[in-house]
């Protein structure tokens, strides 16, 4: 456990050191490069989150960024911004429950949001 903490600490220090050597004058989220060709990733122009895949950035912008969770668990207070997160929650927390009503709930929420994918 101690070795893992030390390794994480060294990694964080190295990350900060590498960042401090960069020119941070253009590091605000709105001015960052959205389509990175140098392998650093794709960042959200609104919140600055960085993704390895362009499709992940698109999903973030479509479903998450600045939006309230739209998928509500019918059995508890849990809310999720992504359908797959709700499915994972259902599998882990409500495994013994019949899921036929959940599918109906997710389809209803999806229809309310106007998404027909």
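Cβ from N, Cα, C; glycine included.
The region 'Disordered' annotation in TrEMBL falls on one of the ranges 1-40, 41-80, namely 1-40. In the predicted model, residues of the domain 'C2H2-type' (42-69) average a pLDDT of 91.
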